[in-house]
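Novice: Take this structure, written in structure tokens, and hold onto it; I'll ask about it next.
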Amino acid sequence: MRALTPPTIRAAFRGQLGGFALDAAFTVPATGITGLFGPSGCGKSSVLRCLAGLQHLPGSSCEVGGEVWQDDTTFLKPHHRPIGYVFQEASLFQHLSVKANLLYGAPRESGKAHADAVEFDEVIELLGLAKLLARSPRNLSGGERQRVAIGRALLSQPKLLLMDEPLSALDRLTKDEILPFLERLHARLSLPVIYVSHDITEIERLADHLVLMQSGKVLAVGPLTELQSDPKLPLAIARDAAVNFDAEVESYDADYGLVRLQIDGGRLLVPSAPVATGEFRRVRIAASDVSLARELPQASSILNAIAARIVITSPVGANEMLVVLALGREGHGGRLLARLSRRSWDLLQLAEGVDVYAQIKGVALAPGRDGHV
């Protein structure tokens, strides 16, 4: 029996939008969160409008989960595409309560909801909206308004959720309040999401896959961690370059306030509030927080030293080296970045293929994806 092909989102949008040329083609899994990332004005929002059918570029194509939304003979109008759309600014009906706003997006036709339909009570719980239902949108904070807008989009029972810079109008504190709610949605719902942002911290927290854009074109497509660690791409050579791992909690040491995490190719000890064994957390490790040693350090204040192999190197400027490491004694684990001075590189006599220990000075641990904020 032939194995089932995993569902995908396939899109190719080409054409002129005023004075802007869009030439963006990509295929991504129709699962999880796909980040659409690049500098302002690179065409991210234009791609989202094309996916929604709000922009019609002849000769383009779009297929979601095996359903053709656009090709040479087909073009589904926006209201015929099963999408939810969350904009930068939450557009709520001021004369309706929060509950009425949420229900406004729900399908009124019997049988319209699909097998993965999300229930009203589930949306309320996931987004923490129970105490807001009777209130007017006029009395909501910016973060609360955006959570209501997300809930309304979910209750329209979409097969694809489009999010166009949903946090860009919010201050950093409010963003930090909303991100855990988005992580809960990611953990609990099977709905595929295309998430547009020019803020790499949002992408690092949320995305599983990444479409990297520049000047109307797609530079690269793939799993987030692969693109983060590719020295040919701008993410890896940026001064704030980092990689992410999805880690499983192995144990918690209450005496020292440390959680032991299993990642692909090693283990980490990270300061944390109490967590339960078996939880999954996303961790971020900056290249600037990684140093290398030829031998396992015997006395060091750095808690984490993981065996690794140098697999790729690339000069950065005249006096630095970008090093891509594969974790594990055989170099079969996840990829990690380190940024070294050329002097350190020469003193340690490093080269591709050399086995080292990666000393990790700092690890950023995201809130849980298990439904707890």
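Yeah, the Cβs are placed from backbone N, Cα and C, and that goes for glycine too.
Owing to the predicted nature of the structure, the values given are computational and were not obtained by experimental measurement.
Pasting the relevant annotations from Swiss-Prot:
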DOMAIN    4-240  domain 'ABC transporter'
BINDING   GLY38, PRO39, SER40, GLY41, CYS42, GLY43, LYS44, SER45  ATP binding site
DOMAIN    299-369  domain 'Mop'
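Could you place the listed features in the three-dimensional structure?
Specialist: When pLDDT values are averaged over the domain 'ABC transporter' (4-240), the model yields 92.
SER40 (ATP binding site) falls within neither a helix nor a strand when secondary structure is assigned with DSSP, and so counts as coil.
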Novice: Could you count the residues of the domain 'Mop' (299-369) that DSSP puts in helix, in strand and in coil?
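Specialist: Computed counts for the domain 'Mop' (299-369) are 6 helix, 36 strand, 29 coil.
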Novice: Would you list, in sequence order, the residues of this chain other than GLY38, PRO39, SER40, GLY41, CYS42, GLY43, LYS44, SER45 that have their CB within 8 A of the centroid of the site's CB atoms, where the site is the one recorded for ATP?
Specialist: HIS198, MET213
Novice: When you measure from the Cβ of GLY43 (ATP binding site), how many other Cβ atoms are you left with inside 10 Å?
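Specialist: Total other Cβ atoms inside 10 Å, all chains included: 23.
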Novice: If I restrict to non-local contacts, at least six residues apart, and a C-beta distance under 8 angstroms, what lies near PRO39 (ATP binding site) in its own chain?
Specialist: HIS198, GLN214
